[in-house]
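**Student:** The annotation domain 'CNNM transmembrane' is assigned in TrEMBL to 15-222. The annotation domain 'CBS' is assigned in TrEMBL to 241-301, 308-365. For 467-587, the entry in TrEMBL reads region 'Disordered'. The transmembrane segment annotation in TrEMBL covers 20-41, 114-135.
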Amino acid sequence: MDTSSLGDLSGLTLTAQDIFGRLLSVFLLIAVNAFFVTAEFSMVSVRRSRISQLVDEGDLPAITVQQLQRRIDLLLSTTQFGITLSSLALGWIGESTMAVVIRQILNQIPLYQFQGWLAHSLSISIVTFFMLAYLQIVLGELVPKSLALLYPEQIARMWAPYSLAIARIFKPFVWCLNQSTRLLLRLLGINYTGQPYTRVTPEELQLIITTSSESMGLEAEERQILNNVFEFGDVLTEEVMIPRTSIVSLPHTATFQNLLEEMAVSNHSRYPITGESLDDILGILDFRDLAKPLAERQLDEETPILTWVRAARFVSEQMLLSELLPLIQRSQQEMAIVVDEFGGTAGLVTIDDLISEIIGDGSELAEGEDGDIKFVDDQTFLVQAQLDVEEVNELLNLDLPLNEEYQTLGGFLTYQLQKIPAVGEVLTYHNLEFKVVLVEGPRLEQIQISQLRPKTTSDAELTIAELLESPDSQDREADSLTAMDEITPPPDNDTPKISDNSPSEKSEVDYTIAELLESGDSEDREADEDREADSLTAMDEITPPPDNDTPKISDNSPLENSQVDDAIAELWESSDSEDTEGEERGR
């Protein structure tokens, strides 16, 4: 580097105003960088739904924001172009400015030969790099980005007119850059069509809702309702319908008096009207339709109600709730009859059932008589058998398996037992005990669920002790004592009687047992000795006399000892086989 040129650059006498102007240019470039950063992050972060609402209200800055969001690729390219230019200009002007300032400081030091070289080196290696990097990162990047994320709507509306004007000015340059980018990507085999606005999918929204850290502004109940809304479209009608066995209907011959009596019992306001059977649904009667004739005194106790019956709406049990809801709304009927694949009545569904699927049916854990689940104690609950297994798992924090073969708790018991359980029948599943409490015909009504306490080591020891003390074990012990009495010979008159608890009697018995064992061992030894003697005799009989030519082998010869051992082994094997045959004949 030419130090003279550097001296020409920084050797000027700078006033305080000159130094201030140069420093002001540095901070101005940092501010330009901050403007592009805030414009970029605010336009991307602001919600499009909110901007659309402001546009409908006639907000002019919001209209500009909407125009920029529709060309988000142009906006991002413009902001990136501005950030790059401002950063390059900051490095160029900032380096020379710092060099001049440090040159003036070092002029006060008497280093005549190295002043220019030392000032330029220090400005590059120390001051310029760290100071400019710090100012650019903190003031030009982090602070603007944080403000844009905290106040995206306000900043986007404030910067929108300026951003649109700059985008139009830089449009030719941005177009050239974008075309160069597309050409390079096409050479790499990548088809680039722009930078569309990233849309949030329903799955991502559901994940945001269910994650408490992402939805801190929502209460738990609100998150549950929103989650139910997303799951609403995947639920089948058969999952929320009132089953056939729970339908409360009226015959087509019913009178107004019959209707009032049924309403007093069931507390319903809508009833299916049947013909010959429940599979023959003639229509739906809504009690509100009787308000006008009742006010006009057209009804008495014996008036048939068939006149005010509406036509029924029939739906498939495989219909999705997202399709069923608009169908019920268009038909202006709050009840629909659910039919199976054979055309028979499978159940019915009302608008209340659909609403309950979203906001809940209010049948949480209740201690009243109307609750689906009632507390007995901390480990025991009474549950309606028609309650869904999934709902039971959610309310009681259980992990019962879900299966296509059943949906309700009663179906779970029937599936596990492979039969229709009777009252009092118990099913033990893992650490849970299910007991049938109430049955109506073949249908289960109420089931008691109890959580079993896991057995500890002390419980196992106690169970073993109870088994040992049980009557069966005592009977077995008595039988063994009786058998011992039968095989024990009666005592002689001369034998002194010893008490049961006498230690001498116990020692005498032990001594007698030892004698018996020893006698048995001695008899076995005598039998072994007899067999050995027989074997030696047999050896003498079968051994030929030695010839004169046969060399005499000494008693200690290894050859003679091995022959004797082989002969004894053969005799032992023959003796054992004879004993085995004798025992088999004895059996």
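Heads up, residue numbers simply count up from 1 along the chain you see.
Glycine residues also receive a Cβ, built from the backbone N, Cα and C atoms like all the rest.
A TrEMBL annotation is a machine prediction, not a hand-curated record.
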**Student:** With DSSP as the yardstick, break the domain 'CBS' (241-301) down into helix, strand and coil residue counts.
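**Tutor:** Residue counts in helix, strand and coil order: 23 helix, 16 strand, 22 coil.
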**Student:** For the domain 'CBS' (308-365), what is the mean per-residue pLDDT, to the nearest integer?
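**Tutor:** Value for the domain 'CBS' (308-365), mean pLDDT as a whole number: 86.
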**Student:** Tally the residues of the domain 'CBS' (308-365) by DSSP class, grouping H, G and I as helix, E and B as strand, and everything else as coil.
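**Tutor:** Within the domain 'CBS' (308-365) the tally stands at 21 helix, 16 strand, 21 coil.
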